[in-house]
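Here's the structure we're looking at; comments come further down.
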């Protein structure tokens with residue numbers, strides 16, 4: 001028997017195993033680099049920028065083509081530890097990485113997910129804040145803010161009121177990152193409550209603020225996404241697990257209904273980055289003891305995986321001219337779901353629209369031409385981890401040079417301030433709301 005090989009075989013699982021401890025910057029970097037080295041065919045590790053103190057903002061990409069976008073494969077992301085003292089999400093994402101890479105080729109569900117999705121994972125958006133926590137606390141610790149004492153979840157441009165704060169390096173890095181990828185779906189992991197919160201976080205009368213809520217044109221989809229996560233977390237779905245705190249029916253809330261906030265990241269993603277993002281509050285205690293981490297992983301594992309799958313909801317495709325040339329930067333939206341910042345095709349002419357099962361009219365608009373309408377019917381179940389594929393051929397030859405490369409209709413100003421007080425686009429009908437709830441129930 002070859003004893004050195006035997007000992008090496010026994011040792012490798014121990015080296016590769018990720019423990020349930022809090023990983024500071026050095027330990028987190030070591031783990032991420034080891035994963036990137038050992039699973040180089042399905043991972044790509046890169047930094048999107050640096051914190052105020054010069055710490056790298058690491059992102060690990062997991063996918064069959066991790067280093068670049070492939071047409072038809074949607075981009076998904078998880079971001080955690082935006083508040084440095086909210087720590088559970090940071091560790092859950094490290095364990096999610098470990099689970100994904102070690103399950104590839106063994107678990108058919110995970111293998112299919114990696115084949116069909118490009119998954120971006122940022123364990124810590126605020127590494128300076130995490131390192132600043134000297135005494136972990138359930139309620140508040142120095143470290144929530146970044147090194148310059150800015151709350152990063154109040155630091156983004158706001159669509160409802162002017163947010164004249166100094167944009168921080170971590171925020172700027174994320175904003176630039178969002179421009180480099182065609183993100184479709186995202187979640188932002190926090191702590192201090194147990195709830196899945198969906199946009200809007202801020203609001204005006206036109207979005208329902210008079211009714212203590214602020215709803216997007218895609219409210220049915222957002223409610224479905226939030227319920228998808230919460231319903232698979234045994235404690236979150238109770239809605240009242242955190243004592244002496246607000247109760248959340250079924251573990252879900254509209255952000256504005258909970259409490260309004262200015263400059264939040266999930267609203268910025270939805271309005272300016274064409275990315276549906278919700279906020280996940282994962283623990284009643286912001287910085288729980290390490291021995292609690294295994295139970296947090298067990299309670300969130302199924303939710304984390306199922307939520308990634310939702311990037312395949314709805315319809316996707318490319319827009320072509322009559323000669324088969326893809327058309328970038330053209331408006332592609334669903335009739336009666338107009339976004340205040342119109343959603344546009346990427347440089348490959350691709351579009352991704354998250355939609356629940358049903359019948360919809362897609363409206364494609366190119367400057368100088370009549371709108372092109374296409375009817376689609378979204379089936380009850382996505383096929384093989386893929387949204388319905390619907391390419392759209394426009395009956396003219398595209399003049400690519402005349403199509404703007406940026407979106408002039410979407411300056412980073414309070415776009416909603418100029419809306420009329422009552423906008424049908426931002427108030428989903430009661431029928432649509434009930435249909436979405438029935439869909440969630442039967443799912």
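Every residue gets a Cβ built from N, Cα and C, even glycine.
So that you can see what the record holds, here are the features copied from Swiss-Prot:
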SIGNAL    1-17  signal peptide
DOMAIN    21-311  domain 'Peptidase M14'
CARBOHYD  38  N-linked glycosylation site
BINDING   83, 86, 190  Zn(2+) binding site
CARBOHYD  115  N-linked glycosylation site
DISULFID  138-285  disulfide bond
CARBOHYD  164  N-linked glycosylation site
DISULFID  242-284  disulfide bond
DISULFID  341-410  disulfide bond
CARBOHYD  363  N-linked glycosylation site
CARBOHYD  384  N-linked glycosylation site
LIPID     423  GPI-anchor amidated serine
Q. Mean pLDDT, the domain 'Peptidase M14' (21-311)?
A. 96
Q: Within 10 Å of each Cβ, count the other Cβ atoms and name the one among the glycosylation sites 38, 115, 164, 363, 384 with the highest count.
A: 363
Q) By a simple count, how many Cβ atoms lie within 10 Å of the Cβ of residue 190 (Zn(2+) binding site), its own Cβ left out? A) 23
Q. What is the total of other Cβ atoms whose distance to the Cβ of residue 410 (disulfide bond) is within 10 Å?
A. 16
Q: Using C-alpha positions only, work out which of the binding-site residues 83, 86, 190 is nearest to residue 164 (N-linked glycosylation site).
A: 83
Q. Under a three-state reduction of DSSP output, how is residue 38 (N-linked glycosylation site) classified: helix, strand, or coil?
A. helix
(Q) Around the Zn(2+) site formed by 83, 86, 190, list the extra residues of the same chain whose Cβ is within 8 Å of the site's Cβ centroid. (A) 81, 82, 84, 85, 89, 144, 153, 189, 191, 192, 281, 286
(Q) Which binding-site residues are spatial neighbours of residue 242 (disulfide bond) here, meaning Cα within 10 Å, out of 83, 86, 190? (A) none
